[in-house]
Amino acid sequence: MTKANTGSQPVKGKPAKSGPEEVTVSIGSGGEWHQTATGDQPALTTNQGLPISDNQNSLRTNPSGPTLLEDFILREKITHFDHERIPERIVHARGTGAHGFFELTQSLEQYTTAKVLTEVGEQTPLFTRISTVAGGSGSRDTPRDVRGFAVKFYTKEGNWDLVGNNIPVFFIQDAIKFPDLVHAVKMEPDRGFPQAATAHDTFWDYISLTPEAMHMVMWIMSDRTLPRSLRMIEGFGVHSFRLVNAAGESTFVKFHWRPKLGLQSTLWDEAVKIAGADPDFHRRDLFEAISVGDFPEWELAVQLFSQEEADAFPFDHLDSTKLIPEEWVPLQVIGRMVLNRWPNNFFAETEQVAFCPSHVVPGIDFSNDPLLQGRLFSYLDTQLSRLGSANFHQIPVNAPQCPFANHQRDGHMQMAQPTGRVSYEPNTLAADSPREHSEAGFYSAALAESGVKGRIRAESFADHYSQARQFYRSQSVYEQAHIASALVFELSKVEHPHIREAMVGHLRHIEDGLAQRVAYWLGMGELPQAPTTAVAVQDLDLSPALQLIGKMKSTLEGREVGILIADGSDAATIEAVKEAVAEAGAKVKIIAAKIGEAKLADGSFSKVDGQLAGTPSVMFDAVAIILSDEAAALLGKEAAAIDFVRDAFGHLKAVCVDEGGDALLKTAGIEADAGVVNIDCLDDFIAAAKTRQWAREASIRILA
Ligand code: HDE
């Protein structure tokens, strides 16, 4: 056995080695644990490969003496640690990523040469990162915020990055405004707060002076920004892109990701409480789903349209503050994305993955959307500062998975070792060196461009309110109420009355009723004047596809039901609920005030998965309360239990009760409605659990 340092003196010099190789754990002089490598385990080494004998004590001259500068092992370890962080992304800093594949189900050969969009049945590996926008990398998962939706396809013809969001429009029309927008939304520079929030003066000040943002404002104030799970959000490429076919003809395209599980959001109060209960709610959910093989899946759909069709739209298809309603240009589903592998290492992959909208493949091209044009520059630039080297494409998660070769050389952190004397092209000295490829190579769509140079905003970009109005009016009454409440919440946090007034002025162009609602709850006496508009606001046809509620699926798949029990609960009832829920495709968690096991009425034991205070009902899509009369009386005095049922009810969830459960509901002051189902009608509970109890909302919140 390796000699253990169990005495009171620190090890000085090399310990004598004897006996068989086995792990030895011993306590050193400072009381810390030492683990010594066996023959099967690699030795702990420095970055130069030098085996380390003691990883717990630095080099000193005596027990009370100073640490020696000579301790190169200490210095290497601490220096590396000091440099472990890289600059976080200026926006989208908090993200969650996973590997997967894209499978094409319908060829777009008529429109594009891109193999990833023409080879039906081919699986293209990919890496997807979903993010919040405003918060830092250590912020929470559930603020009210847009979600970034970035996909890197490792195609046979190079990497294609589709860097989108879960909202199909954007705040601004021109990239030159982006730094101002981001400075306005981020924490205010003099005070360093608020973190991950739009509810503050600088954001709304900027927005109130940016009428083109009003359509996006409707989206971000809707429940789209409060996803239940990252598996239940849509993704949009936002801009019009171009597909270019073999004849060189181009067609405009908008990309849409649609979740297999349907859309699902939380309510604001729920999102706030989830943030406290589990700041990693979304990341954990994705991690857990992938680890049990319940792989998240999205359909990829496209909207295709010609220049002539675009010319007939009452807005400009190059304006990213506009969308093309599905009712006008239907979505064609062309494939599916499955996320099936969690990264080996968060930093190496999720943090270092570098997306650039400029990464396209032959057959996919850009449009002249001025927002997209600016993005083509910004992302490469930001990766250089974030990852610190022009060689960031050599990091495994960023490297193409097809052959790639060129004459770019050297640079910070170069990993490749190209051989030979030729590092230029054309050349006569290296016959096998890489050359231009006239067939496989990328060609930009051949477009005639002319004009007078200037800082220009197209007149066709001038209508800032019609689609905002269309969006708001297309929502259900519940969704409209949520938009109004969100605006009241956000603007109530604004300290400057003139900013609130300016915002309500904009709302008047969207819908006077909305402006009135918001003004009322903000305590405004009179409705402020609406700002003048460059063009008249149009009444576009309503688009039900813009509703969130309309896109929710009545399903329990991918969802989770919490069952609150205690000692004395009925075993058969718990079993029946568990079975019915599992059959409907949801996960079940048993919650009790006491962790470990609960002793049920028949003497059997039930495993408890979560402790009541640490596993509130906000973690679930529906709940069941199964309690003995005694337990119901006891829990009636426990705030966490009262909150559990009140929140489940208040968050419009289905609640299943036995007699004891019903008693707890009564103690909590809940008046049962159609979404509160007795255990005898388990089928009704399952049906109710597949959706939210929207009709309940009017009984618990002022919707006017
Ligand atoms: Fe981004 N954006 N963006 N953005 N964006 C970044 O790149 C930028 C925009 C989006 O998971 C940054 O690597 C400009 C629209 C996503 O790593 C940065 C403009 C859309 C992600 C940047 C926009 C997006 C980013 C910060 C206006 C939806 C995260 C770190 C012209 C279509 C990608 C980074 C990931 C990240 C610039 C507008 C989506 C600074 C200049 C519109 C999903 O380069």
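Each residue, glycine too, has its Cβ placed from N, Cα and C.
Annotated heme binding in TrEMBL involves Arg89, Phe178, Arg375, Tyr379, Arg386 plus, out of the candidates Arg129, Arg224, Arg435, the residue Arg129.
Farthest C-alpha pair in the heme-binding residues Arg89, Arg129, Phe178, Arg375, Tyr379, Arg386: 21 Å apart.
For the domain 'Catalase core' (45-433), the mean pLDDT of the prediction comes to 97. Cβ contacts within 10 Å of Arg129 (heme binding site), excluding its own Cβ and spanning all protein chains shown: 23. Recorded residues Arg386 (heme binding site) and Asn165 (active site) have their alpha carbons 21 Å apart, per Cα-Cα distance. Listed in sequence order, Gly95, Ser131, Ser137, Thr382, Arg386 are the same-chain residues six or more apart from Arg89 (heme binding site) with CB atoms under 8 A from its CB. Each of the binding-site residues Arg375, Arg386 was ranked by the number of other C-beta atoms within 10 Å, and first place falls to Arg375.
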